[in-house]
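Novice: As listed in TrEMBL for this protein:
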- 13-33: transmembrane segment (TRANSMEM)
- 35-222: domain 'CAAX prenyl protease 1 N-terminal' (DOMAIN)
- 85-108: transmembrane segment (TRANSMEM)
- 120-141: transmembrane segment (TRANSMEM)
- 168-186: transmembrane segment (TRANSMEM)
- 192-213: transmembrane segment (TRANSMEM)
- 225-464: domain 'Peptidase M48' (DOMAIN)
- 288-316: region 'Disordered' (REGION)
- His329, His333, Glu409: Zn(2+) binding site (BINDING)
- Glu330: active site (ACT_SITE)
- 351-373: transmembrane segment (TRANSMEM)
- 379-404: transmembrane segment (TRANSMEM)
- Asp413: active site, proton donor (ACT_SITE)
Amino acid sequence: METILDLPIENKIFYAVLVFSWTVYLWEAYLAYRQRRIYRSTMHVPQELGKIMDTDTFEKSRLYQLDKSNFSFWSGLYSETEGTLILLLGGIPFLWKVAGTVTARFGLGPEYEVCECSTSLSFLMLATLFSAFTGLPWSIYNTFVIEEKHGFNQQTLGFFLKDAVKKFIVTQCILLPVTSLLLYIIKIGGDFFFIYAWLFTLGVSLVLVTIYADYIAPLFDKFTPLPEGELKEEIESMSKSINFPLTKVYVVEGSKRSSHSNAYFYGFFKNKRIVLFDTLMEDYSPLNKDGEPENVPAEETDTPTEAKAKPKNKKQGCNNPEVLAVLGHELGHWKLGHTVKNIVISQMNSFLCFFLFAVLIGRKELFIAFGFYDSQPTLIGLMIIFQFIFSPYNEVLSFCLTVLSRRFEFQADAFARGMGRASELYSALIKLNKDNLGFPVADWLFSMWHYSHPPLLERLRALGGTKQD
């Protein structure tokens, strides 16, 4: 009786890919189950959280995260099933044939030297278009059902669809030229093409990081300079104190999409810039303008007592000292070299992957395993090796980077504390957790595998228990 060990090598590769893919999904589903059990069983605010989180916010965060977890389970199951059916039904070679037909209609038949490159670009566009359409219903449900239900979504359907089309077009404008140049470099690079390919992708990534906030992000969001005032002066003073070469501070209108908040910096060498989401700052968030005035004395109003007792919208964001503490944390990443370390790790990994790709690209059985019996297109080789063959390595690497990220977050918190901003960072973390409905109780295995940032309680304990009431 024939066993799996007796199968041809290409069959073993194919089934190994499927088995590993479902093993990863089942592992993720098990971790999600453990965390959902925490959401369902933790019905009351734990005693140690009583002073930093009210019952109403705790319940809202519990229900929000439970909805997000259920959504991730079903969308993940769909994605895994879709991927399996594509492989079993020969979807990849079928789409390649369709791409070849499309290319031939433009007069680029097999006799032309640029045929494979043109077919590759056509394949890439069709694949991304298919992915966009199949993912659109899930994205709509997440935005207009879950995020809307819990008060985060600020988009209309028209704005959402227009944004999706714009993202697709911008992605194609970047992806197609970069891919065509990469395929050309691999073709003419000789035995050491992997070095040239790595250097090319390094250059592209550095260029994209440099131009993203100035030329790409403004296509989707409005960026305005932070107005002159106390906050800007404090940011510049803090940057100067640690020799951070700050050139500009921007406020991005994130509130037109979502009430989630964020902050980041970008740029190389002596040209650093800070970007603050308007939802991060209570004085700038448009979402606060819809609320009723706070602390209005009863004697200064003509309205009845019953009217004044009407609940008002919660004020969102951080005050200026807390914003500075959050930026102190972000600048800590720069001062401690975390950004450079992440770039080095990323490029070392990229070089290793291109080297292994050079070793494996000549193995015909890899192409046969996925239905390519008569040809070995370079783009398909990149997809097979990087997406399927490297998947076990990618899982291990992802976990290691998650562990490293948590370590960096603790170090950045300690840096902000060293700047004398522990109390402000403490209160900012609590506010941001509330604003984003983060659930402070996590299963240890789920958080270890998934959380790139330490759970809230661990960060507060590491700050030394400093608390601002």
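Any Cβ shown, glycine's included, is placed from N, Cα and C.
Source: prediction; values computed, not measured.
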Novice: Is the transmembrane segment (85-108) packed against any residues at least 6 beyond its ends, judged by a Cβ distance under 8 Å, and which are they?
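Specialist: Those are 14, 17-18, 114-115, 118-120, 122-123, 126-127, 130, 370-372, 377, 380, 383, in sequence order.
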Novice: Validating a neighbour-count step here. Other CB atoms within 10 A of the CB of the residue listed as 'active site, proton donor': how many?
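Specialist: Total other Cβ atoms inside 10 Å, all chains included: 26.
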Novice: Neighbours of the Zn(2+) site His329, His333, Glu409: Cβ within 8 Å of the Cβ centroid, same chain, sequence order.
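Specialist: Close Cβ neighbours, site residues excluded: Glu330, Gly332, His338, Phe408, Gln411, Ala412, Asp413, Phe415, Ala416.
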Novice: Out of His329, Glu330, His333, which of these recorded positions is nearest the residue listed as 'active site, proton donor' by C-alpha distance?
Specialist: His329
Novice: Rounded to the nearest angstrom, how far is the Cα of Glu409 (Zn(2+) binding site) from the Cα of Glu330 (active site)?
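Specialist: Given the Cα positions, Glu330 (active site) is 9 Å from Glu409 (Zn(2+) binding site).
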Novice: Select the most exposed residue of His329, His333, where exposure means the fewest other Cβ atoms within 10 Å, treating these as the binding-site residues.
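Specialist: Among the binding-site residues His329, His333, the sparsest Cβ neighbourhood within 10 Å belongs to His333.
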Novice: Here are the recorded positions: Glu330, Glu409. Which has the lowest count of other Cβ atoms within 10 Å?
Specialist: Glu330
Novice: What mean pLDDT does the predicted model reach across the domain 'CAAX prenyl protease 1 N-terminal' (35-222)?
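Specialist: Over the domain 'CAAX prenyl protease 1 N-terminal' (35-222), the predicted model scores a mean pLDDT of 89.
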